[in-house]
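Here is the structure we will look at, set down as structure tokens.
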Amino acid sequence: MTTAELMDYAEVITRFDPVLGLEVHVELSTATKMFCGCSNRFGGEPNTHVCPTCLGLPGSLPVVNAVAVESAIRIGLALNCEIAPWCRFARKNYFYPDMPKNFQTSQYDEPIAFNGYLDVTLDDGEVVRVQIERAHMEEDTGKSLHVGGATGRIHGAEHSLLDYNRAGVPLIEIVTKTIEGTGERAPEVARAYVSTLRDLLQALDVSDVRMDQGSLRCDANVSLMERGAAEFGTRTETKNVNSLRSVERAVRFEMTRQAAILASGGSILQETRHFEEASGTTRAGRRKETSEDYRYFPEPDLVPIAPSAEWVQELRGTLPELPAERRKRVQAEWSLTDLELRDLVNAGAIDLVAATADAGAPPAEARSWWMSYLSQQANARGVDLGALPITPGQVARVIALVADGALTNKLARDVVDGVLAGEGEPDHVVETRGLKVVSDDSALYAAVDEALAANPDVATKIREGKHAAAGAIVGAVMKATQGQADAKRVRELILTRCGA
Amino acid sequence: MPSISRDEVAHLARLARLAVTEAELDLFAGQLDQIVAAVAQVGQVADQDIPPTSHSVPLTNVFRADVVRPGLTQQQATAAAPAVEDGRFRVPRILGEEA
Amino acid sequence: MTELTRLDAADIAAKIAAKEVSAVEVTQAHLDRIAAVDHAVHAFLHVDTERALAAAKAVDDNAAAGLPAASPLAGVPLALKDVLTMQGAPTTCGSKVLENWQPPYDATVTQRLQAAGVVILGKTNMDEFAMGSSTENSAFGPTRNPWDLDRIPGGSGGGSSAALAAFEAPLAIGTDTGGSIRQPGAVTGTVGVKPTYGTVSRFGLVAFSSSLDQAGPCARTVLDAALLHEVIAGHDPLDSTSIDAPVPPVVAAALEGANGDLKGVKVGVVTEFAGDGYEPGVAEAFTAAVDQLRALGAEIVEVSCPSFDLALPAYYLIAPSEASSNLARFDAMRYGLRVGDDATRSAEEVMSLTRAAGFGPEVKRRIILGTYALSAGYYDAYYGSAQKVRTLIMRDFDAAFASVDVLVSPTTPTTAFKIGERTADPMAMYRADLCTIPSNLAGNAALSVPCGLSDGLPVGLQIMSPALQDQRGYRVAAAYEVARNAAQGGPLINRVPELEVAH
């Protein structure tokens, strides 16, 4: 695709309003699959996490995983959805080799959760409320490997190899209502929505939410309407969007592509497109000869699900503090400005600071450590803050040692360096690196006396009441003790010696 | 009264992944038309306010504990396959959505 | 024919328990009988000789060790419909698409039979994927009715019913989606029971129409059917539609019924199942059976179930719709037949060619019909309406059972028709299930018990009971069986003509 076929983004915005719809598939991290007792572990030798049911063998039958239903309800509740008092599974009929029964057991017009919303905070602090249409349960497909032709691509392959370990893994599909009025921020909103949803699912502990492994997948529906128009344009659905950054890029690309077509008098084909990570572009999928007709009907092998109000209430009670609430609470408790909060959020530091505070450190100290020295170390190493090899407990211990006067700030940074270098717990690092503050007054007096003797002029000034001159002696003592003295104490001793 | 045309039978056969011969199309179109005419009388209740029955058993909430059960070995899983390669089911090239 | 193959299951079990005969001798006698007559009847698709003998020997060893019998049917041979999976033997469902397919797991019914010490002789012939009323739709050739080898043994479970009538087995398992146990029972002069939906596990039963399919016992006597019923029924956590309730006391009911007293039992005659289309001989036998029930003390009333007239059309929408989805899995990818894989064709083309080659005409017809009925734009008129009819039929049953204990009708409108007579006319074939379908749609229990002959061919009496009240039908059937045997000079099955025996 050449740039001529794309419209400049700024121009897109002046002429069109983007409309988004996002479908996110989440693989649940249950022990077993949706409808059978096979392991739901990622990977494994091909076709080793399979049984008659997930292989679709003749005569096999599905039985619903209780934890998957609980997870679906908890996700629904966390997304402020209504929970259906009665719902069913349906069969979605279409043929595809990675689907062992040639129908997907899914939910159709009776999703377990519907009519919710998720508040999404953009980088500048603006909050966008994304309406949730539904969250429903379904099963994943197997995986195909394409052999021959171009590098694993389906096109030109001579044959394919199928592994059904993933077939039947529980999925929750979360579908937004159309997202309108976001204007130029549409790509950012899309990304922030998926990111916020990911954090939420992580807090619920229902999924690994690894976009790189496919346990969180996003399909982006994008259409444009002329500014001021009343009707939506034709949409495309972009699949294969495997990172947060790709969500933003895919939406932006589709906007510029569709705008160029519309501006030249063309029309948009309603089609499935595939995002190409390397080029940041989307490309059309194969055209189907017949329009898809899924022939949905209620799954006769499963009975309805009717969550009682008591059960839903009980599950509501199991919801952890969700990211948005947590942020609000933390901001109040730690007296943060909006900007400080956002920095913490963007750095992914809230949980780390909170855990450090929970381990006994004053929140302000904890925040300062994570946001300055540790952030610098993370940047230097090119890793996320959370990936640094130091625990909140260790950071809290270092802060406690400083508060006790056992370490100076300079020594504390050395201790942290030691921990990061894999030298063990903070106390061990203090021991092995010999980083203890010299707190023995007699030892310090010896150093003070030595420094005063070496600088008689300065000593005289101090005795004459020029206390500011003590700084030079402090420096000399600190140098002599290799920084292991508490400068404040040293200063007190100097003044005492000089009778000041 | 709706009837099934020959073209419609061809379309349905495609949806159902059934390669049908011309002779079969003629045969089925005639027979299905007759059958549909006979079964269409259920349509007389279409507008009535009657709850549909999908299950005759009055069960709800039948669940399984989330506990791993032994399944099949790779050998058992693939034993009946028309073709196998490296523990995977070998199938003809797939015309994917991703062309 | 040795005496052993003429015995009822209950008698065989008693003789084995008393060590008058060994299970191996019994099994061998039936294997010999199969070898002698199955060339003519073609009830079996697969005879599992070695494992049957091994299973029988295990029963004998168990008894020799002084251990209690695994069940009241330990050592009794049985013919298993080829729609239930059993490891170590093919499960074909009468279809080319599954020819030689060896399932890697056992159906729950199979497991229960084996655990009960029942000796599985082999797998019986059936209409392809249980779609049919004559067993002519088997890809492996038709089964013949032992009463007249030119006639059909009913279907889809014609192999199981014929095996009983040919004395190849005293017990058989069938599956009943629209009458596939009862109608073959009726036309072969044997007993066939469709238990309440959800009381016999469907795990391992290759699905035709999931919301209608139900496995059940087939036998030559009501008591034998009851004994087998108690072996195979019961809750199964592997089947979500399995009802977690005690098995109805059907053996006790059969024994009680055999006392021949039906005083206080109210029997409803379904008025819709009479008139045009009912063979006069069938109508006469049915009327005589109703008189017999009255003579046994039952109170007879007429009951109208107006929605039953819509049962056949509703069934021929629901069953093909579910079948079109259930049979989608036969696609040449993971198991079964693969046709046309020449290394250039796509998976999609190979699927279509395989399904075209692997399915017979009736299966294709129903797949197309079901695909049509579920299509966008037609769903409400067809599938949706059929499900409403289902509700109406359940209401008719509820209303009827509010005033009567059981309902009766002929099992099927005609006696066994000639092979080939209806193959060109699907609607004529479908009408064989007219009286049996309502109980599949409503899920309640129903059975067929022999009730006389019409022109030398057996007629069946259908007795329908409310859901989970299966024992009612057994009691009435057992009482009727005793009275009819007394009135008509012994069991009807004894009048089946001798088959020519191969040497």
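Just so it is clear, glycine is given a Cβ too, placed from its N, Cα and C backbone atoms.
Per TrEMBL, the feature domain 'Amidase' maps to C:25-472.
The Cβ of C:LYS81 (active site, charge relay system) has C:LYS123, C:THR124, C:MET126, C:GLY157, C:GLY159, C:SER160, C:ALA172, C:ILE173, C:GLY174, C:THR175, C:ALA215 as same-chain neighbours under 8 Å, each 6 or more residues away in sequence. Per TrEMBL, the feature active site, charge relay system maps to C:LYS81 (among others).
For C:SER156 (among others), the entry in TrEMBL reads active site, charge relay system. Sequence-distant neighbours of C:SER156 (active site, charge relay system) (same chain, 6+ apart, CB under 8 A from its CB) are C:GLY94, C:MET126, C:ASP127, C:ALA130, C:MET131, C:GLY132, C:SER133, C:THR135, C:ASN137, C:THR175, C:THR177, C:SER180, C:PRO184.
According to DSSP, C:SER180 (active site, acyl-ester intermediate) is assigned to coil rather than to any helix or strand. Just so you know, the Cβ of C:SER180 (active site, acyl-ester intermediate) picks up 37 other Cβ atoms within 10 Å once every protein chain is counted. Per TrEMBL, active site, acyl-ester intermediate is recorded for C:SER180.
A coil conformation is recorded for C:SER156 (active site, charge relay system) in the three-state DSSP classification, outside any helix or strand.
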